[in-house]
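> Before anything else, here's the structure in question.
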């Protein structure tokens, strides 16, 4: 609409002229005059709102010459501006007078080649200025029209009619060399209308300059394809023919939209409308002067000379480039003014402080060395805060001049090393890097002052690498010199020189830290030539592993520019099974960052089938799985490729201590963020080798792969952990009696361990000697920002002195911590700054800037005290913090249009200021119980805490082109006032916490439109104020105390005794006689029996947590209190939890709000075998009652009973085949996971609570994850019953049935699984006696211990390799600590040659324990003496059940039933274990290591090496040499295969039990698939109605047990063969027209 009004005004103005147009085509010797009007505006994309506009008007004289040349002159040029919301005529705008010099430059003639409408070379006078030549190019650009279809690249796809024509061609225009689309319409025989459109998405060259995008990567998939951010369209009226023609009028419409945040929000728009109208053609009355000294020749492309001059000055500091910049202002005085203003602003940080600091940065970017030298004395007189902000401004400016000046200040020690280190971080993001700046940094990094400070040295070299990336790396920055110069800023010789210097530094480095530092500097540089040197480091096995892993990571900045090269380097490393898992996983991680092709992915997938390393296999699978589920639009293509490759991989179950990779996505439309989490484990450490968390974002079509990342890397920290734990244990043994007895003087277990090593010639299992190291690193914008190495070389001397003789020296701690520290910290930064310079169709530059200047200051004091003072030990500490932080930040989105009369534009300001005083004290005491007390004092005066605002501003500044200016031209600013009828103002004011005496007022106003989603707040203000002093709040006190493990008598259960009260039928369900036995007594009787048994044990422990918060002062004391009391028996089978809470009444309440609740739960007796689990019901019962409210009370009682579902009991019956009570424990453990929970709730609640409950209930019914089925049903009032059934194997599927008073609701997951295993109650877990925190930690640690199971002739190793070997009458070493100082050994032998009874011996540092079954009784000897049962517990021996005995030797535990045993060992013995239980390192390929630490494939040879022969035993050589006794049964197994096997059995049994209906099945590519629904069987004697249905299949991967899978087909009634159908998750298949009959096991109907 605005364009239409503008064109109408132009038409009226031109119609009023007495034009004389008598020509039909251009002829030499004639003159043609055009009226030129150009309108340039910037504003919000809201029609009818105010804009900042500039108008240029001129009379254009054109005189054709012979030989296809024309002369052009601009005359009567005028300028005008406006800030109105509509387009005005020139006379109604504010005309701006121009100087004679400007008018003279604009009137200089030009000469250009012009043939068939195409513009060639343009000649300018020597006096011509760059800005004026670009304006004249804009006029000439409107005359260019391709009449003869020169360079046509594509013909019209449609039929060409006689009056219509369309074609494409590549054309050089003012705005770039781009594809141009033409359309011609014939109006008459000699009159045509031409339309010309520039396609900016297909440009080979654009004079566009971009800064601040060095770290972003293009995300083509993130952009909306139908959105045009730049468009320019021409409309021509032409008479004549292509050879002889005349342009009567030209209209140009151009638009540029800028989206600084997201492409869905176009916040700022620039519009250009130009028009050329022929007003005269006829005789030349005055010839245009010839172009003087016409050696200055250019093409039609925009000339970025001014922008290049700015770049060159920033890069080199040469002042000659400043003289080429129009409107240059001497910066000396301006910097003085800004510093003085900044001094006033630092007294109270406000939003204006950001603007002052941003202007200071802008001025410094044009400052010369003389300017900075002239203000030395002024800076020295300023406060430390102002000086700190000034140093930051110099670093942010980032020019050669400011960088040199800053480094000089650091060398002169005017800036502290810590502050200098922070400045180096800012220099890493220098806006326009150059070779000169890099050289300055390199010299500084080599200086003495840097070498003396480790922190400064690290920052300097990392920043040097980042600057090199800007100079020689491949970034998205576009510099002006790249548009006009063919020579690149960085040559190959320069790249090789930089990398060679860093490699030499790395090779010369003596410490591991120094080597890692220079590798990280190379990583930051991201130069392509570094790949060769990094490959040498990666492939060199002699290089330390830490350095090699860092070298792999150093390839990350080249992942998209050199993907194939990186894959060629790292794929051999990944596929080399001799490499350590840590190296291989790092290689895989980097390969996946290159977004590999399907061929590379297939290689990785095929390698998984033969992969022996558990860590590598699991990490590879989790990485591929994560990528296949990625929501990041930047990974759309790689997600598709990975999904295809992943289809052939069986699901890999991930254990807790295994490598894995996870992502969490937050995406809306094409923008969002991804949080990545990865853990890498290795076979030489129980601790993770590396833990990383990274954040990547997609905004505005740009992908920031590593916006922020934090990681922890360690190597060989296990040795430190082992020593620490051993030290703690030894210290405790000196103070406490160790299990009652110690070794006698004649019986020395330690000597027995050593003699065992000597007799079997056991070699020490020891990882290669390597000093421990830990390293925490931070990355920002894909650059290594900082890293902290922790090893013996880098620890400060002060920390080394803290530990003396294994004890902490309190005097050293007090000396460091108790000194009160007063501090004043100030800093500033541009957290985000991007600049985009684009030429407009008027030949004037338009600059889009997005930045976020931030200024912060904090004054405060910190004091730390140890209590009590002057004591040998301390029992408490006190921390006092008093500070007042001030932070102000503004996000500025600005579009500025530069013209010969100044600059106009629009900016959006989003600012915030926070001033939050902190005055708090924390006291901690642990003498008798843990007590934490925190006191927070309130402000004594009224304070403004926070202020946020957002507003659009129009601005303009007037400058003169004809002279150098000495003062900064302050812009005139005007806030855009949005129309009230379209954007009404909404004001608000809220008050909070008035009752506490600390009234907080939140007030503000915002504008919200009626019809669109556009929201723009003008000002939103938040403030906090206190009441008058006599009533004001003084402080808030929070208190917490904890006491635990206080021994007491077992109390009578109070709730569970009432579990079946008045509800005798509760939870009684119909039994399935096929696999559930009839109970001899009801559930209620069973529960009472369990309660009596628990109570009879007598001993229990109570725990208490008390929390309270209250106010001091104010009109009334406000408080809230919570007390949690717990009581558990020592085996944690029964627990009671009481929670009491209260708070003071709040607004609308007159009474105190209170909560009183109690919960009890009871575990059944732990079943030792599957048989015992099947003998009777094993239920977990819990009950909770709660009562809460103020005036009105709510009361709820919930009963929960957990049990096995019918399906799980069926599986238990099938699995109950193992005769040994011990070896069926694994199956019993899985079966002990209760998968069905019956919940019964009764309630009496207030209407408000009932309304909330109904909302939650409705949300679940409509949640998109669920498929809901609702059946109206009348049930009892105030009662809800619910049944939750988990799929028992993977626990990633569940069904929920809810019975409310009015309906029955069935919820099922809709064709998907939960991303994690759902928690379930395990009635098989047994912690032993839990009497202290130490016991809790110990019990949890044992849950993750590896286990070795030893049967009569079969052994399952710690790494889950199954093999067969005979057991002799001589002792064999099963498990042993084979380190230099062994802690334990576990041995076993047969008691007799023909019997199966075994004798076990467990040797620890303290005792030798022997167990042997004699006459159905267990004989126990300790240190050679038989001991009675009442003393077993003193030595860690206990009996569990009737047949199992348990030995706890701290580092190792053994369960033994007289025949078979299970050994569990601490994970700290990774790579230190030896014996028949294998070489424990997490891998399955090297289990058979003989006693001399040599690997062998001969199991007999392996077994003999651990056979301890003596005079008391004899080896049966015939049995020993029988080869049939030795065999690897399964080298690897996985729970997924076990699950598949179990499912096969279940499906098989289900098929046999159904005769009325059948399932559909098909087989393909190592998979057997069954339909998830059962269907009525078609009877041949009847006519069947059929319809097409979608059949969902569950596919099981075939393993080595394929015959078992195949047998399902023969057992099941599968009459339909679907082998002719491709592998699709959902198939269309005819089925009988009848209702669905549920499967015999519906909870096992897994979704595909």
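From the backbone N, Cα and C atoms, a Cβ is placed for every residue, glycine too.
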> In Swiss-Prot, which of the ranges 1070-1092, 1093-1115, 1116-1138, 1139-1161 has the region 'Disordered' annotation?
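Feature region 'Disordered' in Swiss-Prot: residues 1070-1092.
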> Could you list the residues of the same chain, at least six apart in sequence, whose Cβ is under 8 A from the Cβ of residue 1370 (disulfide bond)?
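Listed in sequence order: 1389, 1507, 1508, 1509, 1510, 1513, 1514, 1515.
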> Taking the Cα atoms as reference points, how far is residue 371 (N-linked glycosylation site) from residue 683 (N-linked glycosylation site) in Å?
61
> I want to check the contact list for residue 178 (disulfide bond): same chain, sequence separation of six or more, C-beta distance under 8 angstroms. What comes out?
170, 171, 198, 199, 200, 202, 203, 204, 206
> What does the structure give for the C-alpha distance between residue 1348 (disulfide bond) and residue 683 (N-linked glycosylation site)? Integer Å is fine.
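The separation of the Cα atoms works out to 17 Å.
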> Using Cβ atoms only, which residues of the same chain lie under 8 Å from residue 683 (N-linked glycosylation site) while being at least 6 residues apart in sequence?
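Listed in sequence order, they are 580, 581, 613, 615, 1470, 1471, 1481, 1482, 1483.
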> Within a 10 Å radius of its Cβ, which of these disulfide-bonded residues (1348, 1513) has the fewest neighbouring Cβ atoms?
1513
> Counting only other Cβ atoms and using a 10 Å cut-off, which of the glycosylation sites 237, 371, 1295 scores lowest?
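Least crowded of the glycosylation sites 237, 371, 1295, by Cβ count within 10 Å, is 237.
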> Give the distance between the Cα atoms of residue 1477 (disulfide bond) and residue 1295 (N-linked glycosylation site), rounded to the nearest whole Å.
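Given the Cα positions, residue 1477 (disulfide bond) is 42 Å from residue 1295 (N-linked glycosylation site).
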> Rounded to the nearest Å, what's the C-alpha distance separating residue 237 (N-linked glycosylation site) and residue 1295 (N-linked glycosylation site)? Just drop the number here, would you?
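Here the two Cα atoms are 72 Å apart.
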> Pick from 203, 1477: which of these disulfide-bonded residues has the biggest number of other Cβ atoms within 10 Å of its Cβ?
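Counting every other Cβ within 10 Å of each candidate, the maximum falls on 1477.
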> According to DSSP, which kind of secondary structure is residue 237 (N-linked glycosylation site) found in, if we only use helix, strand and coil?
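Its secondary structure by DSSP: strand.
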> Using DSSP reduced to three states, classify residue 1295 (N-linked glycosylation site) as helix, strand or coil.
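For residue 1295 (N-linked glycosylation site) - judged by DSSP and reduced to three states - the answer is strand.
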